[in-house]
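Below is one structure, written out as structure tokens; the observations come after it.
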Amino acid sequence: MAFVSEREIVRKIFSKKIDFTILAFFYISSIFFLLCSGVLFQYFTAAFTKGNCYECSMKLDYIKQFYFSLETAWYLISAVAVFIASVFIQHRIKAYLTLLAITWIVLTITDVALIHALDNIAMNNILLNILYNLFGAILLSLFMCLSNSLLFHLNKIKHIPMILSAMIPLVSAIIIAILITAVIYLLFARQAVEIEMDISEGSDIAYVGVKDNEESFGFLNDKKTDTPTYLDVIKNGSLIYNDTQGLSGADIYIVSGCYALPDLLRNVPLDAKKSFLNVKKLEITQKLPMMGFIQGESADVMPKAASRLSLSKQDDKFMLASSVTDSQIKFKSNNAQLMVAFAFMPITTNGILHDYTYDIIINDKKYKIENHVAPLSRLDKNKKMKCEYQQISDLTNTYNINANYLTGFLLVLKPDDIINYNNSPSVLLKTDFAFYKKTYQKLDKIYDDISNGKLSSLRATGISQFSINGKHLSLRPESEIIISEGSLYGLVNKSKKIKIYGTADLVFVDNKIMNLRKITYLQSKLEIFGSSIMDILKYIFGLGLLAISIKFIHSYFKNDVNENLFL
């Protein structure tokens, strides 16, 4: 059959609308499944690292996202474009080269659009996609040409209805997609491993506990403490003191000219006439960052998201530090005195604020604090800090503070002597993000503030001891460990060391996954089918599969006939 113009093919399509619709459905579905399986193949073979596989799993739910998700839905556009190009197939070799070029371009445009949407524009990603797309276009174009020839033979020569003929490419595409997925599963599925690690000086871990905070591993999870807890409240801090009996006393000060540190806040002048009595509730809310400390009889951190824990040594003291996001920390009084002190860090995206206000609400009565802070000069840097105090009382509702350097507040909260074990007065800190830490003179005192409990995942550096299935791994101080989807337990052992151990489903050490299933596991899976890895290699190379394929493709394209389905 001679070459026919595209206009003539379009005219024929309009005369065979039903066949075109049937063909469009089955072809587009076939191309889509093949493209999705290609995405799966590229994802695991090209970039199987912590960056894109932190939560990956070869479970069914994870595999499904490569075929049925918003990201892969974009490839429907590519599938439609490739199908439209295939409609105009006439002579085999010309059609193949045209399809190859169009498929390569369409896939590259789609990938660039997705990379841009995911804000991951890097030249290495684009170049890698171009190479994979070329490989995919070569195979997909061959599939389309072979499918077209098969449909032409069945529909035009054997006169089998289009709806039955068009099912064959779809069934073939589904089988190919299943085979690719199965191979990826056998090669990249993970094997759960037993891990054990020590957290020592210099360690820094970010971790996620379990939903029940009482069962979670953590720092200051409902622990008695007689030393201050230092806090850097970075975002949206709210302090609430509650005394259900309403019998507490409170001395409240506006502090300026110094940081809120226990060593600086000494010999605070007290005017008993300005003390507040019968305090039931006290609240301070501030969006500005603030730094200070809270000292109570016990502390209970209630994280809602990932926490962080680091152990370090500064001068002659050890420090245990952590951070929380969107969380609460409760400091209980156990009917002893509570002290709360914070200095504001008036830093915004537009610079440093010199004028700002906040409210102190006591028993629903508002006291407005207006701050006017002079800028810090070069000469002031050499001056010794001196705290200045202004005690507030219920007689004045508004206070104007002209200060140097810093302003903040000091709360001295005095519960009644009547002991209420079930619900003693407490201070609750709510924050979107905060750091908290404690210092210790002796290392062994640190472990009193650690709660034994469960973890589900972690990211760690500075780990001194780490083993997988009993095998010790040699690590550098900067080596990074990532464990996800695990059943872990953290505790302080008899030797006064913090240990984390348990079962992990995903383990990375310095970007390298450590728990891929061994080749012996793949061997055992193949033995179920009465085969082995060597058998497969024999089939591939012993039968000369590659040579046979090349010979078939050569003979196929040599017979360059016109096989358009609508002519």
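Any Cβ shown, glycine's included, is placed from N, Cα and C.
Sequence-distant contacts of the transmembrane segment (20-40), counting only residues of its own chain at least 6 positions beyond either end whose CB sits under 8 Å from a CB of the stretch, comprise 13, 63, 66-67, 72, 75-76, 78-80, 82-83, 86-87, 107, 132, 136, 140, 143-144, 147, 151, 162-163, 166-167, 169-170, 172-174, 176-177, 180-181, 184, 565-566. The transmembrane segment annotation in Swiss-Prot covers 20-40 (among others).
Tertiary neighbourhood of the transmembrane segment (69-89): same-chain residues 6, 9, 13, 20, 23-24, 27-29, 31-32, 35-36, 39, 95, 98-99, 102-103, 106-107, 110, 113-114, 140, 144-145, 148, 563-566, selected by CB-CB distance under 8 Å and a gap of 6+ residues from either end. What Swiss-Prot lists as transmembrane segment is 69-89 (among others), and the listing cites sequence analysis.
Residues or ranges marked as transmembrane segment by Swiss-Prot: 95-115 (among others).
Taken from Swiss-Prot, the feature transmembrane segment covers 126-146 (among others). A Cβ distance under 8 Å defines the sequence-distant neighbours of the transmembrane segment (126-146), meaning residues of its chain 6+ beyond its ends; these are 31, 34-35, 38, 42, 46-47, 82, 86, 89, 92, 95-96, 99-101, 103-104, 107-108, 111-112, 115, 169, 172-173, 176, 553, 556.
Residues or ranges marked as transmembrane segment by Swiss-Prot: 168-188 (among others). Same-chain residues lying 6 or more positions outside the transmembrane segment (168-188) and placing a CB less than 8 Å from one of its CB atoms are 26-27, 29-31, 33-34, 36-38, 40-41, 44, 48, 58, 63, 67, 143, 147, 150-151, 154, 516-517, 522, 525.
Per Swiss-Prot, transmembrane segment is recorded for 528-548 (among others).
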